[in-house]
Structure formats: structure tokens, C-alpha cells
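**Q** To start, I am sharing the structure in question, which I have written as C-alpha cells.
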Number of protein chains: 2
Amino acid sequence: MERILMSLQYNGAAYQGFQIQHDLKTVQRELERITQRMHQQFVRIHPASRTDKGVHALEQFIHFDSHLTLPEDKWMHAFNSALPNDIVVTRVNKVDDQFHCRYDTIGKMYRYRVYTNPLRDPLKVNLMTHMPYDLNITDMQKAARLFEGTHDFTSFCSAKTEIDRKVRTIYLSKVIETTYGFDFVIVGDGFLYNMVRIIVNFLTDIAQGFREVDDVHKVIEARDRTKAHKTAPSEGLYLERTFYSEDELKHCVAELNTL
Amino acid sequence: MERILMSLQYNGAAYQGFQIQHDLKTVQRELERITQRMHQQFVRIHPASRTDKGVHALEQFIHFDSHLTLPEDKWMHAFNSALPNDIVVTRVNKVDDQFHCRYDTIGKMYRYRVYTNPLRDPLKVNLMTHMPYDLNITDMQKAARLFEGTHDFTSFCSAKTEIDRKVRTIYLSKVIETTYGFDFVIVGDGFLYNMVRIIVNFLTDIAQGFREVDDVHKVIEARDRTKAHKTAPSEGLYLERTFYSEDELKHCVAELNTL
């Protein structure tokens, strides 16, 4: 048996998220349909992240075990020929069978893209979130930085979360102005269910004057999920990087800090 | 009665083109559903261009006649609240009842967007055409210019065209390199059915070495639609400008010439 690791990108618009859910169209279903056909039997795909409905990925990883002995480029070709246009495999590596693409991640980077034109842009539909109102970017920039560090993020995670330990370390949290509005970028050792989207909603509440910059500390300290439970829409969210190497993570944080 | 002129943008991905076709989802159907509801009776929408299935518009115009006496901003709001996210009205003007948004156009500009990465990009799906092969951009640039001038474009229009007069004047035809590949831009007094997409396919044939640059003249002169009948996919095509003013048309051509 060989363990196959794949890096993939997808447009989440047409999917009910990554994970298999009955008969719904999910990224995992598209992938397992291919492994099933190639192996003539069911082969489970394991992802690094279970992205939600509508969320995009620029660097998601999956692994699976195979008795086939194909070279890496043949794996890539087999998947890319069979996958729909909104999913693509960008790299394939054979890895040690101790490697696990979820348990071995040491960090992730997400980006949330917002455009602020007064009118919606039909060509940004499903790719960015539209916020056609006045936003105080400076306040949002100050507030974003306050998420950095090690905190209990109970207040910033969905009530549906099953895990108990809600402490995460955020290496970078930053709002970057763009030509179309702003990007929120965040790098951390891990993220709770809906955490990035709840943080984005909290930041845009601050930018609209509904909350104070200092509320970030207060709400983190409250450890109460009713304090910040609204979530920004999924369409602006991208899983942009998945890290297995400290060096790559540090390099990414350093680069984002220069922007 | 007042004649209402609207400028609109849309993402063509989800539509079977502009024009009503039985029960299919078209842009016209979405618009006429709104005029019908507002007027309690059927009100015909007239477009400047009948864009094809999958083709996008950044500046399409429509007009219709109404007995309602709404101010322009109320028309805009009424439409934008009722339209799906992939269509937007960007401007509303009341016009003289002699004005006709199709017959009064003096020119149009189309853009065709191509990306050339070896791998497909899921976030460009339906927004650009993927051509993952070697293209000789210089040859394509030379060839594109040869379409400029007044020609009989019989060879570059679909066999389905019903109109007899196939002479059109092209004010500018140009290939512009981009970070992701190239854009083909073309400005003319009018375009035949599938003409831009047939020209793009012809240019990319030249760029791949299947045809010579000089073939442009030969095929135009042949006035034979079997000589260049393949069409590039619709997803890369944008109706970018619709002109009613000589000044705006000249200004657009001058600006594109500086790029």
C-alpha cells in the first residue's frame, strides 16, 4: 500500500462543503467517486480541513491509501481528467504511511475577501462578499491585531462545535486594504468551526460602529458563544495555505506582516 | 408613456443567453418577470445586443415603455431588489420615445479573456477561457490588426445568421498580454452572430501554428463561412461597451491603442 498526498484547489460555490453528507454534492464525494472507480472498491479520502458550504480552497490537502502503483504524474492526470472544472489537483506526493494530512498540519492561513462598491458586481458573485456600506478600515485594522496570541476562542466558535479544547494560537490577524475593498488574513495553529467567519462579522460590526475596538478583548475573555455568534457569509472565505513546515509558516507570516 | 433606458451588467454563466427562449433561464426572462409584476401586464424589454449563452456583459442596455411615473433612482432600486445577484442595473435614464437602444447603437466593444496556466484555475471557471498550450502572442498580435477596416465578414459569422449584409467596420482589433495570458479586444460598428468567437478561434489557431498570419486576408476575401467556422467557447466573452456617442467610441479606441 502507498499513501498518496494531494494538494488541491476548488471553487466552493457549487458544493455543500468538503465533507460527505448523504447524497449532497460535496468535494469529498467527487474525489471518492474517482478513487472508487480506480480501485474497484471504496477508498476513503482524508482532508486537512473540512471546509464549509460555499468556502473556497487554494491549498487544501487530502490523502488516501492505494494498492495501485502509479507514478505521481499519472495520479495527477487521472484525477484532473475526471474531476469537474471547479476542482483541480495541483500536486501529488507519495508519503510515509505515518503521515496524516489532518493531524500533521501545524497551521493554516485563511483569507476573507470583501468588496465595497455601492452596487453589487455580478462577476464577483460567489467569489467575494459584498459590503456596500461605510466601513472604518482603521478601526478594523486595530481590532484585527487584537486576535493575535494564544486565547480561548469559545466566544468565536459555532455552538455546533463538539471539541472541548478551544484554545488556539493566532500568529497573524490583519486587515489589508485592496482596490476593491479589503482582505482579512489570518494565520493560526488551528481554527474552530466558523471561527474565521465569526471574527470577520465581529470586525465589520466594529467597522460600522456597532462595537468598539476594545470589545475584542472583552468578548474573548467572556468565553461565551452568545457574545459574538453571528457569522459572515461563506462566499468570501478562502483556505489559502495549509502548513506542515515551521519554516513555511514563519515565512508566510513574515511576508504578510510586510504588506 | 415614458421610455426607460437601463444599463446593466451580468454574469452569463447561469443563463441561456439574453433572449427569451421558451421556458429556459435567460436574462430577458428575469427582466420581463419584473416589468410584468410592476405593470400587472406583459411589458416587452428590448436589448442593445442579444448575447449568447454563457456570455457576460459589463455594459448592456435595455429599454421599455411604461405608464408608471417613477423617478430614475426608484426604477433602479425596484430592479436591483428583485433581480438575482448575477444581474445588476447600473444606470437608469428616461429617454425620448424615438430612442431605440438597439437601432441607435453606433458601435460596441467586446473583450475575450484567456488564461494560459498549465493547470486550470477553479476560480476562473466560467469567467475566462483556459488555453493551456504554447501560443505565439506576437503572431496573434499581428494577425488581430488585420481585421481592422471595413470588410465583408461572411467567413467569420455563424451559418445560422439570417441577415444578408455582412459588411462591418472594425475600428480596433488587438491582442493585449496580461498577467494571466491575454485579452483580445475589438471595437466595431456592429458584429455578426458568433463573429468575435470565430475570430478568437482563428487567432488562437494562428498562435498555435495551425494557420499563417496572412490567412486572415485570404479567409476574409473568400467570403465563405466554411473557411473559419469553429468558435471559441463563450465563457471568455464580455460585451464591455455599447456606444451611442461618437466621442465615447473614439475615446475608447484611442485609449485601447495606447495599451
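From the backbone N, Cα and C atoms, a Cβ is placed for every residue, glycine too.
Just lifted these from TrEMBL, have a look:
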ACT_SITE  A:ASP52  active site, nucleophile
BINDING   A:TYR110  substrate binding site
DOMAIN    A:9-104  domain 'Pseudouridine synthase I TruA alpha/beta'
DOMAIN    A:143-244  domain 'Pseudouridine synthase I TruA alpha/beta'
**Q** Would you mind checking how many other C-beta atoms are within 10 angstroms of the C-beta on the residue listed as 'active site, nucleophile'?
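**A** Other Cβ atoms found within 10 Å: 20.
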**Q** Are there residues of the same chain, six or more positions away from A:TYR110 (substrate binding site), whose CB falls under 8 angstroms from its CB, and which are they?
**A** A:VAL185, A:ILE186, A:PHE191, A:VAL196, A:LEU237, A:TYR238, A:LEU239, A:GLU240
**Q** Please work out the mean pLDDT for the residues of the domain 'Pseudouridine synthase I TruA alpha/beta' (A:9-104).
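**A** Summarising the domain 'Pseudouridine synthase I TruA alpha/beta' (A:9-104) by its mean pLDDT gives 96.
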**Q** Per DSSP, what is the helix/strand/coil residue tally across the domain 'Pseudouridine synthase I TruA alpha/beta' (A:143-244)?
**A** 30 helix, 30 strand, 42 coil
**Q** Return one of helix, strand or coil for A:TYR110 (substrate binding site), based on DSSP.
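**A** Once the DSSP labels are grouped into three classes, A:TYR110 (substrate binding site) ends up as strand.
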